[in-house]
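Everything on this sheet refers to the single structure shown next.
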């Protein structure tokens with residue numbers, strides 16, 4: 001490891017020219033604006049092809065340079081940048097380049113005491129490293145941190161002695177150096193147990209430690225640096241950290257980014273800003289904006305659609321009394337009819353997959369008192385449940401254990417049942433519009449006719465208010481992590497609520513929502529997107545942080561009742577409409593530049 005910047009003093013001035021003094025000759029290298037290297041030795045230019053903008057070092061034996069460019073005083077940010085570049089180059093092993101950079105800039109890569117400390121740690125000279133801490137004490141914001149740093153040093157020293165089989169020396173470190181610190185006694189007890197390790201491999205396995213060597217000592221330095229101010233020793237790989245943060249921020253602000261986040265800088269270019277579009281360019285190839293398939297097998301209004309949890313199937317329910325199960329091709333993402341489930345006399349207005357996708361429950365509209373529980377692999381009806389002909393069972397939600405479900409409707413029914421339809425619990429007088437089971441397995445969220453969402457605990461029979469709206473909540477869904485709820489509110493549109501803080505986060509604009517029941521959804525990688533149907537025949541897509549839609553998908557000719565985003569394939573989405581069709585949306589096919597521009601300018605007319 002190079003001792004960069006040592007002995008350079010506090011001079012922070014830059015000069016484009018170097019001079020030779022006291023009659024000594026000098027040699028310097030300058031870089032042309034086009035990359036041509038030049039050198040001068042005793043005033044003789046041996047380079048060629050120099051043009052304007054070249055920084056040339058001109059010297060003459062025994063004399064000062066007659067003309068010197070005005071030295072520039074570096075700002076703090078400029079010094080920081082130079083240090084960051086120096087650290088990165090040093091990590092690449094370009095030590096001579098780092099020395100030259102520090103020499104020309106007058107900066108120091110790190111404090112001389114920190115450099116000594118670094119070298120002693122990397123060489124395993126623990127006594128010297130411990131002495132270096134006394135020099136660093138005056139440079140630290142928290143002198144108490146010295147004890148923590150010393151503990152980390154001695155812990156490494158102790159483990160290395162053990163690995164080398166020097167048990168007596170390790171015991172001396174434990175008793176005579178670590179224990180007197182009176183710090184982290186629990187850890188000292190754990191360390192003492194390692195004395196019983198029979199060999200080095202056993203020690204490394206029990207400690208989850210890499211063993212004596214460069215890697216473990218580098219990790220030790222990373223921990224030690226956290227106690228030192230950055231002016232003394234830079235945090236490890238600081239430039240890479242800043243670049244990674246910049247890339248992540250650009251991706252986070254990108255409205256169309258819909259691919260898995262990759263923290264590696266090798267997967268991106270740092271020469272251009274990150275840009276996605278709706279078209280099949282960049283990461284936009286994962287954004288569903290194009291009708292890739294129209295399913296016309298239903299012969300009446302299609303009220304609901306829902307992808308299975310594993311993304312391999314789509315279930316659609318219709319006024320025509322049928323449920324159709326569609327198989328998703330894993331390669332082409334085309335859908336083909338797998339099975340038709342018949343006999344739902346009132347039509348199918350809601351569907352819910354069991355957590356393992358084995359079962360599918362179908363509910364009807366307001367005047368339907370029955371629900372159907374289907375075995376999807378076999379196509380057999382396992383349960384047809386009806387408690388009373390006066391009931392209205394219009395919504396259902398599965399318990400996370402897959403053995404129970406809750407169902408209810410606007411006539412005051414709210415039941416918890418097993419897979420055979422047996423009633424386990426009931427809650428009287430709750431007029432349910434929509435249901436969702438929380439991940440704790442105990443709480444059920446229910447929107448009711450009082451324009452609110454309440455949490456009901458079936459174990460201790462308690463309930464509490466969570467969301468209060470000013471207009472009827474027609475439907476709602478919850479994000480995978482259970483934190484956010486997406487509500488379709490009558491005459492208001494789509495609202496995003498934080499269930500933990502119980503606050504309204506955002507109101508999304510554009511959608512036409514009257515008193516029809518329209519189901520919206522989260523979608524895309526990390527559920528960054530929101531999609532909803534609309535009474536104006538469109539599918540609207542928003543980025544979760546943006547109130548304005550980023551895409552309006554056209555093609556349906558009547559109200560779009562439901563939208564479902566595939567949970568596994570981020571570029572696949574389905575929409576169900578009163579026009580009797582289900583549209584499957586995928587990424588736009590490859591287009592040339594002019595077609596891409598036209599597609600981006602006319603997103604409201606994107607049709608197959």
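Every residue gets a Cβ built from N, Cα and C, even glycine.
Annotations in TrEMBL come from automatic prediction, not curation.
Values in this document were obtained by computation on a predicted structure and should not be read as measured data.
As written in TrEMBL, here are the features:
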DOMAIN    110-169  domain 'CTLH'
REGION    1-40  region 'Disordered'
REPEAT    295-329  repeat 'WD'
REPEAT    341-372  repeat 'WD'
REPEAT    553-585  repeat 'WD'
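Secondary structure of the repeat 'WD' (341-372) per DSSP, as helix, strand and coil residue counts: 0 helix, 12 strand, 20 coil. Helix, strand and coil counts from DSSP across the repeat 'WD' (295-329) read 0 helix, 19 strand, 16 coil. For the domain 'CTLH' (110-169), DSSP puts the residue distribution at 45 helix, 0 strand, 15 coil.
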